[in-house]
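S.K.: The structure follows.
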Amino acid sequence: MEIDSTQLTDLITGTLNEIIDNLFSSISNNIYSIMDDITFISEQILSDPNFQKILGSSSSDGILLIANSLLLGFIIYYAIRLFFSYYHQSQIQRPYQFLVRIFLIGIFMNSSYFICEKIIALNHILSSSIRNLGEILFQKSICFSSLISELNAIINIQSQNFDLFSFDGILKCLCYFGLVNLLFSYSLRYIMVQVFVLICPFSILSLSISSTTWFFKAWYKTFFSLLILQSFIAIILLIIFSFNFNENLISKFLYIGGLYSLIKANLYIKELIGGISTEFTVNLTNIKNLLKS
């Protein structure tokens, strides 16, 4: 039995719609459980035993051992400079000032894990306060689980007649590609927060010599931009949930705009206070350019 062109087109379209609909259903079921965990991080991000082993529980192991060895190297370097300064009559930092500075740096450097833990905890309290405010005002949980539920209601995600080539189908594709983009971007941010906690001892150590203080400035600017992004996301979610959503066209475009602002949140923070980009599409483009060169 031959199939005419119309039937073939309908068959291909139906199969494509079914595949994409199943894909989106799978994405939806998996994103629910992890989006909030990787976005609204707390001090629990540092509680992993393997991570603590890398950082070091004392000054004699892990990253702290390397940092303390470098601290000793800075002291030897200063002693050599001080020795030659007597012969060349050059001006360097006074020994008393240097020793006090090194002593304080040593204390803060070996307490870097504790300091970062408390900073992350305070940042989590700030973002949680913003979300709790939204729950009180709008009687909704300000989180990605609720956001995806709103998406289900507005763009008829659960409809059995998904059509990729309809307006709602296009909007659904945009929304889910946006959510996947967010998932990768916030996963990258999650990892980078841990990375910057690990290099915290070295950033504090860089304050030992005036010529290396730039490293500490770059570190704290980037670290705080990664953390403050969490509160910025909470504010965007608060604004999104302040709208009275229904199934009209305006609500659908507002929802798309809200997702786009969440995707670009890191870029806005980077423009305001500096830092690095964790946007997935930007980093993917950079990787492609690197492979081409």
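Positions of Cβ are set from backbone N, Cα and C atoms, glycine also.
According to TrEMBL, the protein carries these features:
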TRANSMEM  63-84  transmembrane segment
TRANSMEM  96-116  transmembrane segment
TRANSMEM  169-188  transmembrane segment
TRANSMEM  195-216  transmembrane segment
TRANSMEM  222-245  transmembrane segment
S.K.: Can you name the far-off residues of the same chain, 6+ from the ends of the transmembrane segment (96-116), with a Cβ under 8 Å from a Cβ of it?
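M.R.: Cβ under 8 Å, 6 or more out: 46, 52, 55, 59, 64, 67-68, 71, 74-75, 78, 197, 200-201, 204-205, 207-208.
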S.K.: For the transmembrane segment (63-84), which recorded stretch in the set 169-188, 195-216, 222-245 gives the largest number of Cβ pairs separated by under 8 Å?
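M.R.: Maximum Cβ contact count belongs to 195-216.
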